[in-house]
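Going by Swiss-Prot, these are the annotated features:
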- 1-173: region 'Disordered' (REGION)
- 10: phosphoserine (MOD_RES)
- 53: phosphoserine (MOD_RES)
- 57: phosphoserine (MOD_RES)
- 85: phosphothreonine (MOD_RES)
- 88: phosphothreonine (MOD_RES)
- 96-105: compositional bias 'Polar residues' (COMPBIAS)
- 104: phosphothreonine (MOD_RES)
- 111: phosphoserine (MOD_RES)
- 128: phosphothreonine (MOD_RES)
- 162: phosphoserine (MOD_RES)
- 164: phosphoserine (MOD_RES)
- 277: N6-acetyllysine (MOD_RES)
- 475, 476, 477, 483, 484, 485, 486, 487, 488, 512, 521: acetyl-CoA binding site (BINDING)
- 506: phosphoserine (MOD_RES)
C-alpha cells in the first residue's frame, strides 16, 4: 500500500499543527478552481505528539471570517523542510463530513490582521483531545482501526524525542518514598503493627515498636488519646492565664502553677523505697527471657509521675524520629555503625562517624581500648590483643592521683592514635568536624588504671596556638563513665592548665547539648564557691575571671541564669543569693564522690614553648 504524505502547517517547534486525535477530511469548494487538493493522513500517534507540543503555547481564539476574503492558505510541508520562525500564525484543522473519495485535510491559517478585524465574532478554539471542541452538525468522531499500532508508534516516537530529557525517564524511588515497602520491625516476634505514638498503623524501627516497650498497639492508642486530651486542657489553661496576667517585668507564678508544683511534690513523695523480693524476681525473669530485645520493666523504680513523664518523652522522640525517616533524613542500616565492642563494654553509638567504607557498612565494630585500632571481627580483635603491647595512651603522663591519670598526646607525634580518637569521639558527638587534621592540636586523655592497664575515661583537645584563648576545642566523656563526675573533672583540668599558663580560657563554640549542661553546672559551682568564700562588700567580674580563669562572658551569662545580676540606678549589681549558696553547700555535703576533684599539686606540667 503506498504511503500517504502528511499535510501539516509549519509550526515554530517543528511539529505538525493539529488539535484533534482523529483522521480528518475536508473539501473546500471555494478553492477548487485555484488550488490543487493534496491528500494527507494524520494518525492518532502523530496527533498526540503534535498536541503535546502545542499545549505549552497559549491557544489563540478562533475568529470568524468573511467568505469574500481568503483567510487561509494550504501548504505542503514535510518534517525535514520545517524551520523555526520567530512569528508563526496559529492553525487549526476544520472538521467536516467524510466524503466517499480520498481522505483529505485542509488547515486554516488565521493571520493576526484578520483576527483583529473579526474580534467581534470570536469563538473559543478547540481544546485538547480530552476537552470539549466546538460542536456542529458536521462534527464526526472517526476512530482509527489500528489503535494499538498507533499507540506503539507514538510511544517509540516519544522515547526518541525525549532521549536527552531526564524528566521522561522513570523516577527512582528514594528511601522515604519506599519506606513502607518490604520492611519489618527488627524486634523478634513483632508483626510491625501499631506504633508507640498511637498515631500510625505500622512501624519499622525499635523506637516505635510497642512490643519492645512491653505494650500493645491498643494501649498505645489509649495513651495517645489521653496525652492529646491533657495537651488540650493545658493549652486552654494557658490561654486563661495569659488573659489574666498583666505584662509586668517580673512575673510571679500563677495559682495554677503553684498547685501543680505542690501536686508534683506530693506524687514524688509516694516513691517506693525499694523493690520487693517478688518484683526483683519478676524483673530478673523478664531480663533472662528477652535479654536486649525488650525494654526492662520500669514499674516501681520511680514515682508514677516521673514514669509517666518518661513515657511521654519516649513517645515524642519516637514521633520526631518517624518524621525524619519519612523525610529521608534518617536511613537505617546504611553506613551506620550501631554498636562498638570497646574493652569489656558494648556501646551503642549515637551519630555517624566517617570510618572507611568497608568498616562503616558493618553494624558492629571491634576496637582496642588501648591503641584505639578498629577491626571487623572478634577473631581479629582477639589476635590483636594477644600481640598489642600498649597498656596506656602514648605521650607524657602529666597528672596522677590514685588511679586517675592524664596523658598529654601531641597530634603531630602520634597522628594515627589521635585520628582514631577523633573517629571514636564522632560516634558520640554531633557537631565534631575534626577527624584527620590533628597536627595543630594537643590531646589530654584521662584514664583509670587497674591491673590490666589504663582504661579510657574521656579526653579533650586543645589548639597549640589559639588566638581566641580557647582552652578546649573538643571534649568527650565515654558513655560508660557518664554521670559519675568525670566530665566536670575534665573541665576543671582544662581551667587548671589555663591557670598555669596565666590565661583566661573558654571552650570553643558551638557546644553540644551535654557539653553545655556540663559547663553550666561547672560555672555555677565555681561562682557559688567564690561567693561563699568572698567576704568583701564590692566585687569585680574581672577579679573573678582572673582568679578562676573563666572568661568574663561566661561569668556574666551564668550570673544572669542564676538571676544574680541586676541593673539598679545606672549600675550593675551582683546579688549574693544565700539560698542558692546554702543549697549548693547541702549538695556538696551529700556527695559521695568527693575524690572526683582535680588536685593542682598532682600536676607535673609546664606550658609548651610557643603557646
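Glycine is treated like the rest: Cβ placed from N, Cα and C.
It should be emphasised that the depicted structure is a prediction, and the values quoted were computed from it without experimental measurement.
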- Task: Work out the three-state DSSP category of residue 506 (phosphoserine).
- Result: strand
- Across all protein chains in the structure, which of the recorded positions 506, 521 has the highest Cβ count within 10 Å? 506
- Counting other CB atoms within 10 Å of each candidate's CB, the least crowded of the binding-site residues 477, 484 is 484
- Query: Per 10 Å Cβ neighbour count, which of the recorded positions 277, 488 ranks highest?
  - Reply: 488
- Query: If you measure residue 277 (N6-acetyllysine) to residue 484 (acetyl-CoA binding site) at Cα, how many Å is it?
  - Reply: 28
- Between the C-alpha atoms of residue 477 (acetyl-CoA binding site) and residue 506 (phosphoserine), the distance in angstrom, to the nearest integer, is 18
- Query: Can you count the other CB atoms that lie within 10 A of the CB of residue 475 (acetyl-CoA binding site)?
  - Reply: 25
- Query: What's the CA-CA gap between residue 506 (phosphoserine) and residue 488 (acetyl-CoA binding site) in angstrom, rounded?
  - Reply: 14
- Item | Recorded acetyl-CoA site residues 475, 476, 477, 483, 484, 485, 486, 487, 488, 512, 521, farthest C-alpha pair in Å | 19
- Task: Write out the long-range same-chain contacts of residue 486 (acetyl-CoA binding site), meaning residues 6 or more apart in sequence whose Cβ is under 8 Å from its Cβ.
- Result: 446, 457, 458, 477, 596
- Item | Assigned conformation of residue 521 (acetyl-CoA binding site) - DSSP reduced to three states | helix
